[in-house]
Amino acid sequence: MRRKFQQIITFIKKQPKLWLVVFLLVFTSLSGVIFYNIFFPKEVIVKEEEKVIEEESGPVRLLDGIAVQNESEINPPIFAVQVENMVDSWPLSGLSRADLVYETLVEAGITRFLALFTEGNSTGAIGPVRSARPYYIDWAEEYGALYAHSGGSPEALQIVSGYNVLNVDEFANGKYFWRETSRYAPHNLYTSSDLLSQAFINKEAKVKDNFEAWQFKDEAVVEFRPENSIINIDFSSVNYLAKWQYLKDENSYLRYQGEKIKKDKEGGEIKVKNIVVQFTEIIVLDDVGRKKIKTIGSGEAIIFQDGIKIEGEWKKEKRGDRTRFYDRNGVEIKFNPGVTWIEVAPIGTEITFE
């Protein structure tokens, strides 16, 4: 071992320049490392623990996703009222307070509404109330609703008893309606949420236990909303051109009809969070103009929310199921909590969005 060490010493003495170079290289490298760490210290990244903030989400109503105070308010009784839309019936009552509305054609290019109200939504007058049609009964059954109307087409009156709805026909239940003397018949029949609530109690009705709610989401924040836009749905004549103006700041759609803002008799404007245009087959059945409307199956749909247009489809497998809506990728639409209007239009109806 000593001999090997002696050999190394002798080699160093014989090669002084080589070892000087080695020494300078080592010294320079160490100096560089020290200099860098002093003047360019390495950033120390401390990974903060991810914080999962669980918002205290209270109960929400199944019909429209609105937050409620108590569990008992999640699935309240739903009242579906057949409200007319003839020009002679304007202004209507209670429509601005509806929680969900269907609009589609009856006879002569006129549209009619099925306006849904949850119990506790105090409305005052609702109407004018008009006659039933089979397709409105089909939509009312999706909610197990009380269905308020005044008579109906022969087919509607024949089938209504076989549906899962509480049939409150004015002809047999006059005490839950009244005639407004300042108007002439048939545009003067009204009901109210209080009267319909009393009918629900008196008839010992039950809510639909297996109610199929839609999915709901948070609204788009104002920074991600587009500018104001206009939607036009041309049902027939100018009086039945449904026009919706998107209001960016409110993230809502304002209803026009006959080129005027649609206000009810009480002065309320109709503002909604979601609009669905559901295209389907609509066939004229007779000389009166009564219609058969396809409500089961599938078809094209356009959904408007947050100022944007989503093309997709609607599906309903069987009677009593809830109609559901999907985008082009087959993903179910999540709606904004609040009022939704469903515009059921014939295939080929002109829709503009600008």
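Using the three backbone atoms N, Cα and C, a Cβ is placed for every residue, glycine included.
What TrEMBL says about this one:
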- 20-39: transmembrane segment (TRANSMEM)
- 65-203: domain 'DUF3048' (DOMAIN)
- 231-342: domain 'DUF3048' (DOMAIN)
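Secondary structure of the domain 'DUF3048' (231-342), assigned with DSSP and counted as helix (H, G, I), strand (E, B) and coil, comes to 3 helix, 64 strand, 45 coil. In terms of DSSP secondary structure, the domain 'DUF3048' (65-203) contains 39 helix, 42 strand, 58 coil.
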